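Participant: Got a structure for you, written out below as structure tokens; questions coming shortly.
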Amino acid sequence: MTTQTVLAAAGGVSGGEQVTFWILAPLALIGAIGMVLARNAVHSALWLVLTMLCLGVFYVLQAGPFIGMVQIIVYTGAIMMLFLFVLMLVGRDASDSLIETLRGQRVAAIVLALGFAGLVGTGLYRALDGVTAAGLDQPNAEGNVQGIARLLFTKYVFAFELTSALLITAAVGAMVLAHVERRKEDRMDQVATMKARFRPGNYPGPKPGPGVFATSSSVATPARLPDGRLTDRSIPEILPVRELTAEETTLKGTDK
Amino acid sequence: MTVLLAQDPTLADFGKDPWWLVLGKIVFAFAFGLLATLLGVWFERRVVGRMAVRPGPNQVGPFGLLQTLADGLKMAFKEDILPKSADKVVYFFAPVISVVCAVTALSVIPFGPMVSIFGHRTPLQVTDVSVAVLVLLACSSLAVYGIVLGGWASGSTYPLLGGLRSSAQMISYEVAMGLSIVAVFMTAGTMSTSGIVAAQANGTQLSIGGFEFPAPGWYAILLLPSFIIFFIATVGETNRAPFDLPEAESELVAGFMTEYSSLKFALFMLSEYVAMVTMSAVTTTLFLGGWRAPAPITTIWAGANSGWWPMLWFFGKVLILVFVFVWLRGTLPRLRYDQFMRFGWKVLLPINLVWILVLAGLRSIEDWQSRDRLLATAIGAGVLLLITLLWPSRKATPKPSVQEQVNSRPHGSFPLPPMDLQVPPSPRTKRVVAEREPANIAAGSDSREV
């Protein structure tokens, strides 16, 4: 344990700890505000990473080096990385629109957040008022990691195992929901595929592209079959076939 | 022996240095990272060249030693291109994050024992904390951000794919890496790097048949499965061949650094080589006895583990590991992405879990009485034997004969010729025998047909 953590465990606030706090606390706050205000989802995630890193350092300063490092490895390193993974797949230009879908939700959110913070703050203040700080001397006597391990595997072993069982259940559930396994009977072999292809009513050739042998190259123009009929299969289903009105076909006067 | 043990720094020895010594150590670690890159690139190119039976760079400086310096200078003067679609701030910070994380990890690596610098007795290590190995893990897990953000901020497809690959790869291999370290924690009983080096000093004395001889103390031998898995995961974690999928040049141009040029590209390259050296140093510390001299040297020369000499052993071990990195790159082809992921999750991870279980079992029966211990081992071995015997055999059903395959074809299949069809020999395959017209020589009694 470094001298700094020893000092923190003894209950005193050393100069180094104060300096670190006053440097990192504004950064953590800026990160939190930036996370809420950032338009781009990836930027928002990065602001959150900054806040989490600052919190990790705070834990280390307050004689909890193990929990601080785990905060950085697990939350910043793994969980936020998975967040980023998903956000990147969304696309980098996807920013949130600022149109309020629920009327007045922003004001309501601010009021509720302030109320919640006030409740928690006053609750904590009243609960901790008059309590003398015990310090971390006793729990950290044999070392921080050993102390946590002892508690985790004796007093809280049931809660710990229960939490891990819950997490594993969630992971297995997500996999079951996402996993698509085709049964062996459902898999069509080559013979079945060919029979289905040449069944009466199915056109065995490749689908004609839109605009092939048509009067226009628009995707909305259906292709013509060899016998002159139009084929609806050549245009996407979301595009309804429609006749242009005389108004639409006249020149718009932009060619001057 | 007590004299030698006094060389081992403990956690209490850290945090007492004057500021100039701390600064000196930090500068030393940083310079070590930079120099290692400078020489590492040269070393890699020379070794790969020798493996490919060509000389490698040999023009600039003696043995081409200054080639990397020349390349670095050239790179600094190249145009720094910022793609139009790039996210400017993130694009700038990505290589910086990479380098910072790679260099920071060097701060908890023990380079040597307690030495005296200008009258101060101090360990040859920037700092050590009770969770130093977790600091290393944190650095390597944050280094992913550099690559992923670089890929994302470039605003084009190949870098993005490289970044996504990298994030999936590093998260997967970090799990295998963390589990290998767990075995080290269990054996050493500490997470501080100097403590782990000290724990590898002496193996327990084994007595077999009346002879006392020391068991090896290195965890590379005691925890061989962990060592192998850790090193494989290390290669995956540093994006080196054969696991260099994020920058696979045959598929993704240059992966996450496709759009980078000039100094930013140089920073990415720097971070890659620093990470390689750092990871070699971590492997040395955790598994190869750190700065301690290899076994035969200490029996001949008692002072090999004191003073400044241990740095020599340390750098030697790191150099050997870096050589292995280069050797792998020179030898193995790149893995396909799904093979790589399957290897990580379905091979490395289960083996590691079973190994940790076995190790924990061995550790927990260590202080039992010898009869109980024997019984426990016998039960474990019996269970293992039963599992091996009753394991469902994966032998495939015998391959059906041609007749069975024909019979099992569905109705309406393509018609086949009868199985007993005798194919007459093709007239074209008739053997052509060179025939020559009989030599007709009119005169001479000895004329004969040839």
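Using the three backbone atoms N, Cα and C, a Cβ is placed for every residue, glycine included.
Not measured: the values here are computed from a predicted model.
Residues annotated as transmembrane segment in TrEMBL: B:20-43, B:89-111, B:131-154, B:175-197, B:217-236, B:265-288, B:308-328, B:340-362, B:374-391. What TrEMBL records for B:400-410 is compositional bias 'Polar residues'. As annotated by TrEMBL, region 'Disordered' applies to B:400-450.
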Participant: By Cβ distance under 8 Å, which residues at least 6 away from the ends of the transmembrane segment (B:217-236) in the same chain are close to it?
Facilitator: 169-170, 172-174, 176-177, 179-181, 183-184, 187-188, 199-203, 242-243, 279, 282-283, 286-289, 321, 324-325, 328, 340, 344, 348, 351-352, 355, 359
Participant: Can you tell me which parts of the same chain pack against the transmembrane segment (B:175-197), counting only residues 6+ beyond its ends and a CB-CB cutoff under 8 A?
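Facilitator: The answer is 8-11, 108-110, 123, 125, 128-134, 136-137, 140, 219, 222-223, 225-227, 229-230, 232-234, 236-237, 285-287, 289-292, 344, 348-349, 352-353, 355-356, 359-360, 363.
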Participant: Cβ pairs under 8 Å with the transmembrane segment (B:131-154): which stretch of B:20-43, B:265-288, B:340-362, B:374-391 has the most?
Facilitator: B:265-288
Participant: As a test: from B:20-43, B:265-288, B:340-362, pick the stretch that has the greatest number of Cβ pairs under 8 Å with the transmembrane segment (B:89-111).
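Facilitator: Comparing B:20-43, B:265-288, B:340-362 against the transmembrane segment (B:89-111), the winner is B:265-288.
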Participant: Looking only at the compositional bias 'Polar residues' (B:400-410), how are its residues distributed among DSSP helix, strand and coil?
Facilitator: 6 helix, 0 strand, 5 coil
